[in-house]
């Protein structure tokens with residue numbers, strides 16, 4: 001395929017996108033400063049409960065509250081606004097909630113990655129290079145809403161503490177003037193770093209571009225060069241101009257060529273296009289599609305990588321062998337969830353074949369059953385593992401995001417590997433480095449929780465926690481409980497307050513003393529007609545906040561529990577984000593919650609058992625979590641980086 005493109009820049013194309021929101025940026029900055037002052041004054045005072053009236057409302061005037069706008073779709077990407085609030089819905093009545101600076105300041109996380117301010121979305125091009133983990137991300141330098149997208153850049157020694165570097169790539173060429181969109185990194189055997197990314201042209205056509213470091217001797221990779229003959233790929237015949245995006249990390253074929261896949265759709269069928277290259281400048285499109293699944297719509301942020309069937313270690317993207325399965329993951333534009341399938345990769349036929357066609361990509365398994373999208377993995381050659389990043393969006397109003405001056409966080413990086421016990425799903429678990437933030441711990445063994453009981457867990461504070469817990473149902477109750485053919489689904493179940501014979505039971509996180517606000521993370525067990533137990537793992541946001549301009553959903557799915565296993569979970573609580581992992585990471589749920597009372601020193605932790613027919617025995621260990629050091633990089637630090 002030729003390097004030159006039929007798309008040329010408009011003669012009078014404007015490159016002033018970065019100045020469109022100067023007034024918004026100024027407004028956001030002033031509010032952020034006010035938030036910091038209010039927060040400092042608040043935490044300086046001892047308090048047992050949060051006083052929602054301690055700071056005057058900044059969002060109480062409904063007449064001045066702007067309407068939530070659709071963002072992203074007209075430009076050719078998935079909806080970036082809260083679709084529930086976009087439709088005009090409010091949870092409850094009475095207009096928007098009177099948020100104040102105390103509440104909004106509390107929402108900012110302490111150990112999840114996020115920029116100092118403004119909007120962030122997809123993780124891009126993560127890699128490990130010369131002693132540093134690099135993380136790039138979709139970023140709006142001009143405001144707390146989607147738009148004016150460039151690449152932010154940060155580096156870390158341990159995936160926990162981060163230094164913000166200058167922007168890696170900005171929208172300064174005709175082929176990316178409407179956005180430097182998502183891309184992936186490939187490290188070649190000679191050490192060269194290749195970055196392929198999607199650019200939105202001056203005519204909103206999606207094209208693929210090549211960039212590379214200006215100085216490979218710089219471990220921070222601060223400066224990047226865009227290939228002078230970009231774009232290297234344009235939409236092929238039969239693919240619409242706005243349906244061609246997000247190139248993957250390349251993998252090496254047995255012929256010595258590099259292969260990538262790019263997400264698209266043909267009518268309503270999601271597809272993964274395949275290209276081969278030897279130099280990342282010219283490409284050969286393969287006739288076969290890597291995969292295609294009818295009815296799944298546009299595929300964004302495709303990821304493709306091997307996992308070992310024997311070893312616990314991660315594998316380089318180019319690794320092949322008999323004892324390997326391949327993972328294909330897509331982000332569905334239609335519902336904004338990340339789906340994956342396990343299967344076999346046939347290099348000669350250029351085909352991924354799912355192990356279970358009924359659970360092919362976009363149909364069955366998901367990385368995460370909460371708010372988790374546009375994820376991307378990379379092979380960490382330092383620790384021989386595959387690491388997963390995911391974008392955690394907001395579920396509050398856009399107006400509240402503008403008021404607090406930022407929107408979105410990234411998940412805690414997760415190790416991804418095949419579940420050797422089931423062979424049919426992945427395991428995801430926070431990287432071990434997050435445990436370096438653990439402080440004081442409290443341990444509770446064999447706590448008996450009776451049906452209908454709520455038990456306070458006596459810990460110091462409950463805003464930044466790492467919780468590990470196990471639960472057991474009484475064996476006698478299991479034997480007596482009647483069999484049922486009723487299937488349980490978390491999102492239509494009625495939540496943690498709806499009682500059944502063997503559930504729900506678990507933990508209330510971010511709860512206040514009076515339980516006017518709480519977020520349950522729980523198990524629900526059903527005894528099937530064959531006598532087998534079917535377990536669901538859920539997270540219920542319906543009572544997480546008194547605010548009515550927040551989308552409060554119930555998330556979750558089934559979780560495999562093997563014979564002899566106790567029910568186990570791990571929860572990371574970090575202010576407004578709750579990441580939950582069941583059975584070693586077989587099922588994961590990420591939630592965004594926005595309490596108005598259960599904040600700062602007023603946040604509590606409870607055990608609960610809403611089962612009707614069984615006692616539950618719980619054992620748990622709870623760590624207070626330190627804050628990560630996430631701060632700007634200063635040039636004086638450069639001499640310390642080699």
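Backbone N, Cα and C define each Cβ position, glycine as well.
Taken from Swiss-Prot, the feature topological domain 'Cytoplasmic' covers 1-22, and the record attributes it to a curator's inference.
For 23-43, the entry in Swiss-Prot reads transmembrane segment.
Annotation comment: Swiss-Prot describes 44-642 as topological domain 'Lumenal'.
Swiss-Prot lists 100 (among others) with the feature N-linked glycosylation site.
The annotation substrate binding site is assigned in Swiss-Prot to 119, 120, 121, 122, 138, 146, 181, 182, 245, 246, 300, 333. Cβ neighbour count for residue 121 (substrate binding site): 25 (other Cβ atoms within 10 Å of its Cβ, all protein chains included).
The active site annotation in Swiss-Prot covers 122 and is backed by sequence analysis. Under a cutoff of 8 A between CB atoms, and with a sequence separation of 6+ in the same chain, the neighbours of residue 122 (active site) are 137, 138, 181, 182, 301, 373, 374, 376, 391. Under the three-state DSSP scheme, residue 122 (active site) falls in the strand class.
Neighbour density for residue 267 (N-linked glycosylation site): within 10 A of its CB lie 8 other CB atoms from the protein chains shown. Annotated N-linked glycosylation site per Swiss-Prot: 267 (among others), in sequence order.
Per Swiss-Prot, the feature disulfide bond maps to 490-538. A simple way to gauge crowding: the CB of residue 490 (disulfide bond) has 24 other CB atoms within 10 angstroms, across all the protein chains here.
DSSP classifies residue 491 (N-linked glycosylation site) as helix under the three-state reduction. Annotated N-linked glycosylation site per Swiss-Prot: 491 (among others), in sequence order.
In this structure, residue 615 (N-linked glycosylation site) belongs to neither helix nor strand by DSSP; it is coil. Its Cβ taken as reference, residue 615 (N-linked glycosylation site) is surrounded by 17 other Cβ atoms within 10 Å in the chains shown. The N-linked glycosylation site annotation in Swiss-Prot covers 615 (among others) and rests on sequence analysis.
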Residue with minimal Cβ packing [other Cβ atoms within 10 Å] among the recorded positions 100, 138, 491: 491
Just checking a number: largest C-alpha distance across 119, 120, 121, 122, 138, 146, 181, 182, 245, 246, 300, 333 for the substrate site, rounded to a whole Å. 21
Could you say whether, by DSSP, residue 100 (N-linked glycosylation site) belongs to a helix, a strand or a coil region? strand
Give me the long-range Cβ neighbours of residue 119 (substrate binding site): same chain, 6+ apart, Cβ under 8 Å, in sequence order. 139, 140, 143, 144, 145, 146, 147, 401, 406, 407, 408
Taking all protein chains shown into account, the Cβ-based neighbour count within 10 Å for residue 181 (substrate binding site) is 28
When DSSP states are folded down to helix, strand and coil, where does residue 181 (substrate binding site) land? strand
How long is the line from the C-alpha of residue 538 (disulfide bond) to the C-alpha of residue 615 (N-linked glycosylation site), rounded to the nearest angstrom? 19
What is the separation, in Å, between the Cα atoms of residue 267 (N-linked glycosylation site) and residue 245 (substrate binding site)? 16
